[in-house]
Ligand SMILES: Cc1cc2nc3c(=O)[nH]c(=O)nc-3n(C[C@H](O)[C@H](O)[C@H](O)COP(=O)(O)O)c2cc1C
Ligand SMILES: CCCCCCC(=O)C(=O)O
């Protein structure tokens, strides 16, 4: 049908769902989205366009991949029960989590070594997230130093993820640098003190860190450099060996947590919590939040699906700390389910990495806008206007 006069559908720019109309209206001038709007299909498209080693690293999980599959299966078992006639004209997805205001309860998960996917790596991701006001969580093993990523993020909120190094001086230095660079909250990842048995990477004999990708934050660090016998430029292999020796410390226990509080003034969240007792312990130890996560199925093959762990953790925490969730979020409907089961916000991981691989900064922005649009539309179509209205009653277990 030929289009004349004003557009048939007028987008409501107040809502993230307006992206839907932007895409349809683009069609009038022959434009289609650069990347699919079905975020669950991204991995398959990316597989054909990415370097096999980089794709294997991103897409892969631990062992047989059972945990990755379980993460998705858990989402499929919960169904949303839409409610009708509730006036959902005006919607507000914004939320404040541990002092950070976000336009929707969505953060970008910490993902390391992004330059294996795209040369602009975390810088492109930071620009895309900032353009939407979404907070990012900067990984310790990012391919760009935290100061450069902070600059790319500008005024947008940012959190810092720590891989807690064995070397105390380096840990303190990381935390001081993060605070100076304006990172507002600290995420301490507990589930990756050893690299799991990752068969895709093993089969390709590929580990980016051995090529010094992901070491930018260490090589830029005065405390790390002080521990090297020779400058990294002169002896790169020794620098990698030094990094591998101090990257993490499997002997850490709950008794070590006060160190974090001593050196970090802002909120602290523990990432990788799956057991209600661990959640309770985190709260008792004065932590401000937990992130229910199985690291996207990359660490323990056969682990509980992260979504299946969420209700138990929510009950244990009982409103005493913030609960964030990741591992398996692919669509706006997934976000609705996680919020209904007790998450204050979710982190999106692999989907934005595929967006980066397929379209750089613009690709990341497109993926995030699709997720937010679908979240907005799913929320409205199921009869809600704010994330606060989502409770377990919004779902049934199929
Ligand atoms: C390629 C890749 C690298 C990752 N790097 C980190 C990291 O540096 N620090 C961290 O805490 N989590 C890291 N994660 C885990 C994510 O933060 C998040 O828990 C996971 O991606 C969620 O699973 P999903 O992407 O399947 O939704 C990484 C995940 C991927 C896929
Ligand atoms: C010894 C390297 C640990 C992996 C760090 C990156 C990550 O979290 C992931 O690949 O997953």
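Any Cβ shown, glycine's included, is placed from N, Cα and C.
Since we're looking at a predicted model, the values are computed, not measured.
Sequence annotations record features per position, and here TrEMBL assigns domain 'FMN hydroxy acid dehydrogenase' to 31-398.
Taking Cβ-Cβ distances under 8 Å and a sequence separation of 6 or more, the neighbours of residue 57 (glyoxylate binding site) in its chain are 113, 116, 200, 201, 206, 208. According to TrEMBL, the glyoxylate binding site annotation covers 57, 163, 198, 295, 298.
Per TrEMBL, FMN binding site is recorded for 110-112, 139, 161, 189, 271, 293, 326-330, 349-350. Sequence-distant neighbours of residue 326 (FMN binding site): residues of the same chain at least 6 apart with a C-beta under 8 Å from its C-beta are 109, 291, 292, 293, 296, 306, 346, 347, 348, 349. In three-state terms derived from DSSP, residue 326 (FMN binding site) belongs to neither a helical nor a strand segment and is classed as coil.
Residues or ranges marked as active site, proton acceptor by TrEMBL: 295. Non-local neighbourhood of residue 295 (glyoxylate binding site): 189, 191, 192, 272, 327, each in the same chain, at least six residues away, with C-beta under 8 Å from its C-beta.
Following the DSSP three-state reduction, the secondary structure of residue 161 (FMN binding site) is strand.
Summarising the environment of residue 112 (FMN binding site), the number of other Cβ atoms within 10 Å of its Cβ, over all protein chains shown, is 25. When the binding-site residues 161, 350 are compared by the number of other C-beta atoms lying within 10 angstroms of their own C-beta, 350 comes out lowest.
Among the residues 57, 163, 198, 295, 298 said to bind glyoxylate, no two Cα atoms are farther apart than 19 Å. Checked against ligand 1, the binding-site residues 112, 161, 198, 330 give 112, 161 in sequence order as having a Cβ less than 6 Å away from one of its atoms.
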